[in-house]
Amino acid sequence: MNIHDKEKKYIETLNKKIAKLKKERNAVIIVHNYQRDEIQDIADISGDSLALSKAAVRTDADVIVFCGVYFMAETAAILNPNKTVLLPVFEAGCPLADMVNTEKLLEKRKEYPDVAVVCYVNSSATVKAQSDICCTSSNAVKVVKALSNKRVIFIPDKNLGRYVQSQVPDKEIILWEGFCPTHIRLQEQDVLKTKQDHPEAEFIAHPECQPQVLNLADHICSTGGMFTYVKNSSANEFIIGTENGMLYKLRKENPDKKFYLPTQHLVCPSMKLTTLGWVAHALEANEHIISVQPEIAQKALKSIKRMLEVSEENPVAAIAGY
Ligand code: 13P
């Protein structure tokens with residue numbers, strides 16, 4: 001057996017084991033778009049942060065295996081206090097989420113009393129609990145527009161905050177000094193060079209990219225928004241300005257279209273920590289259970305619920321039961 005056959009066999013064995021454990025435990029596997037290809041293949045539900053939060057509300061499984069990073073599993077736990085939420089790799093954190101804590105946020109609130117805090121979902125439960133409303137990359141503009149406040153503190157991603165400011169010029173956005181270490185690796189010259197190599201390609205970028213990169217984009221959207229955009233676009237080639245995990249499903253869903261990454265550095269190390277072996281282990285050993293203290297969860301839930309209320313077309317259905 002050659003190395004490729006051995007790998008195939010190994011994946012098949014693990015997939016069978018995961019399917020068996022999933023049935024035994026009445027579990028659902030929720031997968032973010034940046035996960036490894038083989039993890040995307042075992043997803044019951046895959047999508048962007050907003051889609052996954054909504055899926056976590058709807059599921060009737062007893063166990064949620066969250067293949068993503070810590071803050072995502074925490075959000076699922078907040079939305080499902082009576083379910084077991086498992087994060088296969090406990091160390092799968094988000095450096096952007098770690099760029100804000102409650103102490104610093106309270107200082108900022110003192111500096112700007114009576115200013116609403118809009119908190120990107122890439123943040124801890126305690127930070128969400130201290131905020132007025134949450135947002136994701138797919139609804140940040142809608143959320144800020146919906147607020148009656150003229151000034152808002154936007155935490156923790158300054159690039160997403162700047163993008164929102166460009167879309168909502170009649171409000172003042174007070175930025176936080178946070179950024180995604182993966183998205184800022186994408187440089188203007190990488191995009192210009194890829195555009196030169198593929199002049200017919202459209203450039204679609206995630207709003208966590210730097211402003212000079214976003215200025216070059218034909219379309220700016222969340223990871224979930226990219227799938228819809230590509231499907232509906234008449235273009236046949238796309239330059240993708242976000243993490244490399246996106247390419248697997250984009251290529252699978254659009255076999256006749258071509259996708260290019262402007263740099264090989266668009267890899268989120270935390271997202272890539274989850275492997276099939278860890279997913280099987282999570283289900284077998286019931287690890288790692290993610291839970292949030294009830295008083296924090298209750299406050300954080302308010303911010304998440306408010307987000308769904310102002311951004312969903314059918315808010316009643318989105319927050320049913322909460
Ligand atoms: P999406 O909501 O677009 O999936 O983005 C999540 C994220 O963490 C980007 O770095």
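Including glycine, each Cβ sits where the backbone N, Cα and C put it.
Bear in mind that TrEMBL entries carry predicted annotations, made automatically and left uncurated.
As annotated by TrEMBL, coiled coil applies to 4-31. Regional average pLDDT for the coiled coil (4-31) in the model is 96.
Annotation comment: TrEMBL describes HIS32, SER49, TYR120, VAL121, ASN122, SER137, HIS206, PRO207, GLU208, THR223 as iminosuccinate binding site. With a cut-off of 8 Å between CB atoms and residues at least 6 apart in sequence, the same chain places SER46, GLY47, ASP48, SER49, LEU52, CYS67, GLY68, VAL69, MET72, THR223, GLY245, MET271 near HIS32 (iminosuccinate binding site), listed in sequence order.
Summarising the annotation, TrEMBL assigns [4Fe-4S] cluster binding site to CYS94, CYS180, CYS268. Annotation note: CYS268 ([4Fe-4S] cluster binding site) sits in a coil segment as assigned by DSSP. The C-beta environment of CYS268 ([4Fe-4S] cluster binding site), restricted to residues of the same chain at least 6 apart in sequence and closer than 8 Å, consists of TYR34, THR182, GLU243, GLY245.
Cα-Cα distances to CYS94 ([4Fe-4S] cluster binding site) place none of the binding-site residues TYR120, HIS206, GLU208 within 10 Å.
Among the binding-site residues listed (TYR120, ASN122, GLU208, CYS268), ASN122, GLU208 have a CB atom closer than 6 Å to some atom of ligand 1, in sequence order. In terms of C-alpha distance, the listed binding-site residues TYR120, ASN122, HIS206, GLU208 place GLU208 closest to CYS180 ([4Fe-4S] cluster binding site). Following the DSSP three-state reduction, the secondary structure of TYR120 (iminosuccinate binding site) is strand.
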